[in-house]
Amino acid sequence: MVERLDGVFKSISDFLRQELNGKNAVIGVSSGIDSALVLTILSKAIDKDRIHAFFMPDRFTRSADFDDIRSLEGSTGVKINEINIENIVNGYKSTLGINDKKYEGNIRSRVRSVILYYNANLLNGLVVGTTNRTEYLIGYFTKYGDGACDLEPIEHLYKSDVRELASYLKVPESIIRKKPSAGLWGDQYDEDELGMGYEELDSILKDLFEKKTGILDDRYKMVYDMYIRSQHKRKLPKSMMNDDFRYNV
């Protein structure tokens, strides 16, 4: 197991070094396990002075999250900059008349993306994403919010893989044990919103996309429907231009 996990760590490190190609890394950290893992790998893969990490709390951020951010600073040796987004979000809410928690949650995610890309412009950096494979396949991310980035180093890892690698790389235990939450509104937890835990989700996704079992029961259909409904999040905008021109010169 150690050899396998070390191989995963080294391949992600190589990917980051190659794709950053000397540029700075800009990353948003939430005190959750995914961003903590990516920051930990970055801290071992490139010089720490090239890493610009941002914690963007709001009124829903729990006191324990601030403690975990300090622990993450200690374990990685990377300074994490704090920018409170509540006043920015309130400006959007008052201007647009937003009174739905899900719409407001998407605004919060997109405000964080704006801050990251502003700093990427300022610092000659690339935004490093933190979406895992489980979230990616079911579309559990905000389009042009936390889904907006230049590199996705852990998108090939299921949530269970993330936990395993985080433990191997000694991410703070309080972060690993924490109940997953996007923190987009009060008392929001991933597994409550999704209707099942990540362990079950990972098992079903592996059956559907790797073992090709097909839909075996209602739980499988529920997960497959999440995948179908979120396909637009995984595609580039439709265009009348031939796709060859997007990538070839």
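Any Cβ shown, glycine's included, is placed from N, Cα and C.
The C-beta environment of Asp34 (Mg(2+) binding site), restricted to residues of the same chain at least 6 apart in sequence and closer than 8 Å, consists of Thr130, Thr131, Asn132, Glu135, Ile154, Val162. Annotation comment: Swiss-Prot describes Asp34, Glu135 as Mg(2+) binding site, evidence class sequence analysis.
Look at Swiss-Prot and you will find Arg110, Lys143, Asp150, His232, Lys233 tagged as deamido-NAD(+) binding site, backed by sequence analysis. Counting only same-chain residues six or more apart in sequence, the Cβ atoms lying under 8 angstroms from the Cβ of Lys233 (deamido-NAD(+) binding site) belong to Gly139, Phe141, Lys143, Gly147.
Following the DSSP three-state reduction, the secondary structure of Ser181 (ATP binding site) is coil. The Cβ of Ser181 (ATP binding site) has 20 other Cβ atoms within 10 Å, all protein chains considered. Feature annotation from Swiss-Prot assigns ATP binding site to Thr130, Lys159, Ser181.
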Task: Assigned conformation of Asp150 (deamido-NAD(+) binding site) - DSSP reduced to three states - done: coil
TODO: Please work out which residue of Arg110, Lys143, His232 has the most C-beta neighbours within 10 angstroms of its C-beta, and give that one of the binding-site residues.
DONE: Arg110
- [ ] Could you check the binding-site residues Glu135, Asp150 and say which one's CB has the fewest neighbouring CB atoms inside 10 Å?
- [x] Asp150
Task: Other CB atoms, at most 10 A from the CB of Lys159 (ATP binding site) - done: 23
